[in-house]
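**Q** Quick one: structure below, then a few questions.
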Amino acid sequence: MFGHVGASPPLRKRHRIKRRHVGSTDHLGAQQPRFTRRRLNSTQRLASSFLRALISRAASKSPAFAFLSLAATASISQKTLHRFSVIELAEFVDLTPWHRFGFIAANAAILDAVEGYSSVHIVDLSLTHCMQIPTLIDSMANKLHKQPPPLLKLTVIASDAEFHPPPLLGISYEELGSKLVNFATTRNVAMEFRIISSSYSDGLSSLIEQLRIDPFVFNEALVVNCHMMLHYIPDEILTSNPLRSVFLKELRDLNPTIVTLIDEDSDFTSTNFISRLRQWYEADISWKIDNVVAKEGAERVERLEPKSRWLERMREAKFTGVGFGETAMTEVKTMLEEHATGWGMKKDVDDDNDVERFVLTWKGHSVMFASAWAPPN
């Protein structure tokens with residue numbers, strides 16, 4: 001009586017979509033390994049990384065795409081990432097203003113803040129494994145009025161996290177520390193190097209505890225240099241405990257002489273996949289592409305926040321903004337002139353604080369910011 005009952009139009013439409021997508025991804029799964037084996041240019045390698053990340057995401061989200069799991073395992077891992085020698089890493093950092101922008105701004109602010117101290121303790125929370133420090137040592141030796149230069153104590157973090165974000169270093173931190181101490185000696189700067197085991201996943205709690213129990217040293221400046229690493233502390237989406245804000249407030253309680261905060265001006269904290277993609281500015285490392293696109297939950301450690309949120313967190317922790325001098329601005333502009341057209345710098349002031357910050361731009365888009373902070377007088 002009813003005749004042949006077929007699928008309703010919406011169901012047929014969904015069925016066609018599913019079949020079409022499975023066919024497409026099946027083709028991608030078959031082609032992707034061959035695609036990635038070819039000799040590719042930079043743009044094609046980025047496209048390949050993005051494709052692998054999308055395949056990995058699809059395989060993890062739906063049983064219909066489980067057949068892509070083998071292709072998903074081709075995602076970038078630490079085992080496939082290059083480990084840099086110190087010289088290679090220095091050359092890598094010099095390729096673009098991406099890191100040098102923050103180095104120059106932070107070093108200028110640090111140099112101004114430590115004038116007159118007999119000892120300077122720097123806690124270096126840096127993505128680039130102390131590549132900022134040799135230039136700072138040079139500046140301490142040549143630009144500080146106090147001679148001989150103050151004793152330099154450098155503390156770095158050995159994270160117990162399973163994944164350390166690239167770039168990766170091909171030598172141990174012990175060996176790196178030895179090289180830095182030897183370099184400082186050639187500049188007539190006495191230096192001590194210390195490694196503390198701590199994890200960004202718990203808000204660097206063991207680092208804070210160690211700094212609390214460090215013996216008091218008369219006329220010593222405490223400097224905390226945060227260069228593109230604080231966004232690896234889990235945000236409120238992952239935990240009800242606001243670890244980023246807790247860390248900054250605990251840091252404030254240590255009464256540091258200055259805190260430098262340099263990070264990307266992006267928002268990767270959204271739970272919405274499409275929203276994160278819109279905020280993604282040509283990430284230049286395949287590991288980051290894979291982490292942003294393919295991973296969720298605790299596995300997605302790339303959780304950048306926009307500049308406005310970091311400034312809010314610093315103020316909530318009772319820090320006050322510190323401006324950059326004309327020398328810092330001149331040095332940053334000179335550095336940018338060495339690189340391709342498209343890079344630029346602008347000053348940034350908001351309604352809550354008239355202290356200027358530096359913003360690195362690419363073709364007019366803000367991509368990174370540099371700021372300096374201190375406890376109120």
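Glycine is no exception: its Cβ is also placed from the backbone N, Cα and C atoms.
TrEMBL entries are annotated by machine, without manual review.
Annotation comment: TrEMBL describes 1-31 as region 'Disordered'. Per TrEMBL, compositional bias 'Basic residues' is recorded for 11-22. The motif 'VHIID' feature in TrEMBL is assigned to 120-124. Taken from TrEMBL, the feature region 'SAW' covers 294-374.
Mind running through what each feature is packed against?
**A** For the motif 'VHIID' (120-124), the predicted model reports an average pLDDT of 98.
Counting residue by residue with DSSP, the region 'SAW' (294-374) contains 26 helix, 32 strand, 23 coil.
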